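Participant: The domain 'Major facilitator superfamily (MFS) profile' annotation in TrEMBL covers 21-444. Positions annotated as transmembrane segment by TrEMBL: 21-46, 58-79, 86-104, 116-133, 145-168, 180-198, 271-295, 301-322, 334-352, 422-439.
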Amino acid sequence: MISFDEILEKNIKTGWYQARTLSIIGLQEFCAGLEYLFMSILMTILKEEWNLSQNQVALLSSIFLFGVVLGNFLCAFLADIIGRQITFIIFSGLSVILIFYTSFCDTYKEMIILRFLYGLTFGTLNPLGYVYITEITEAKYRGRFSYALTLIYILGKIYFVILCFIFLDDYTSGNWRGLIRFNGIPITIAFILSILYLTETIRSHLSKGEYEIALNLINQQITINGNSDLLLCDSEKNGLISWSKQQKVELQQEEINIYGILSQEYRKVTILLWILYILTNFQEMTIFLLLPFLLQNNNSGFLPMLALYIIEFIFGSILYNIIDDAKYGGRIKIIAYSAITLIFSNAILYLFRDKYLYLALFLTKIATRGLFATICIICCESYPVKIRSQGQGIAQAIGKIAVLPSPYLLIPLYFIDPYLPFAVLFILAIVILAIDCFFKQDKTQQHLEILKNE
């Protein structure tokens, strides 16, 4: 027998097919980066332009997150049922429509509905990117390709801040309608390219017993990558089919169809991932909500924010280079590095306040990005193909559900003391470091799927 990971390493290899798919999925992640930042700034603008109350601002944020949560659940089951490719095409198309429609919105009630619907499409697409990239890359590059989505996410933020110089006057006023139209360009390109070039993952076809389709796709990808002399022979085809059938037998024995990600085999890692997602989401939500207010209070323009994201990208590139290095990086170590950085940065923010504001914000942002990217990778690597999108989607949903009420906690705390929320985050960062000690499985440089007797 021969596993798909062996076929991937010896025949398909890494080439134009993986780069093309990463580019398409990456455009969605690019849009995700600018969308989160746009939502944060939009709240401060609409608060002034539409004369919104604190509760209305909080609801605007919460309804978007509620849509994201429902989208995460939708991805959890839809992508495993109808496939990764169809799910991506449908919801990237809906995103295009909603983004451009939002630019014409002129009432608070309409904005609430549009933000909820966009959150739904956004939440469906967001977990899917890591699932897609995990399933098409070799073990030795899997972490880097997945982490590349995080770097693209940061580039989306840089793109957004550059647009802020053009469209906005400051954090509270400007042409936000023109801004959101430009924000729609990346996802529009992703939607068009997904129709033309995106294919279903081979692992998905194998898990459904669609062996002929899977074998044809393998040879197609081998050709795209310029390895036509490595097309599958009959023994490799038969070996892969036998391996896939044996894997299905093992999954049936684990009773995955009954218990899913909470089956005995995966229950512990599922709970640990849920806790990590909750804590990391709370860290990110605080920055998401408070960053524009903190910068505005310090009379900062958009230039410090731009510098913040450029430096974040540079340091993110360092993590990109070590995430597949078991000696210096690896999944579990990077979570530990990130947690320690958060402990340090949150302590600085609470104790020294605006004195070291930019340094502490920068450290917080790179640590949070490192956490999210690494947890997403671990989540995809912890489950078999049959429940991979279920594991990723539900974990992200659980993480966001826990922080849905956070605007109602963080914004009042901010108005009591702008740096009080970071005292809470300091404690949560210590918990993240403790939770990391319980992870035993690290698939850095290891095959994604193996049989038990292997």
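Any Cβ shown, glycine's included, is placed from N, Cα and C.
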Participant: Give me the stretch from 145-168, 271-295, 301-322 with the greatest number of Cβ pairs under 8 Å to the transmembrane segment (422-439).
Facilitator: 271-295
Participant: Could you check whether the transmembrane segment (116-133) packs against the transmembrane segment (21-46) - three or more CB pairs closer than 8 Å, residues at least 6 apart in sequence?
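Facilitator: In this chain the transmembrane segment (116-133) contacts the transmembrane segment (21-46) - 3 or more Cβ pairs sit under 8 Å.
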Participant: For the transmembrane segment (334-352), find every same-chain residue at least 6 residues outside the stretch whose CB is under 8 Å from a CB in it, and list them.
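Facilitator: Distant Cβ neighbours of the transmembrane segment (334-352) are 276, 283, 319, 322-323, 359-361, 363-364, 366-368, 370-371, 374-375, 378, 419-420, 422-423, 425-426, 429-430, 432-433, 436, 439.
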Participant: What average pLDDT is reported by the model for the domain 'Major facilitator superfamily (MFS) profile' (21-444)?
Facilitator: 86
Participant: Go through the chain and flag residues at least 6 beyond the ends of the transmembrane segment (271-295) whose CB is under 8 A from any CB in it; none is fine as an answer.
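Facilitator: Distant Cβ neighbours of the transmembrane segment (271-295) are 36, 39-41, 43-44, 61, 171, 304-305, 335, 342, 354, 357, 361, 364-365, 367-368, 371-372, 375, 378-379, 382, 391, 395-396, 398-400, 402-403, 406-407, 410-411, 414, 418, 421-422, 425, 428-429, 431-432, 435-436, 438-439.
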Participant: Sequence gap of 6 or more, Cβ distance under 8 Å, 3 or more pairs: do the transmembrane segment (301-322) and the transmembrane segment (145-168) meet that?
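Facilitator: Yes, the transmembrane segment (301-322) and the transmembrane segment (145-168) are in contact.
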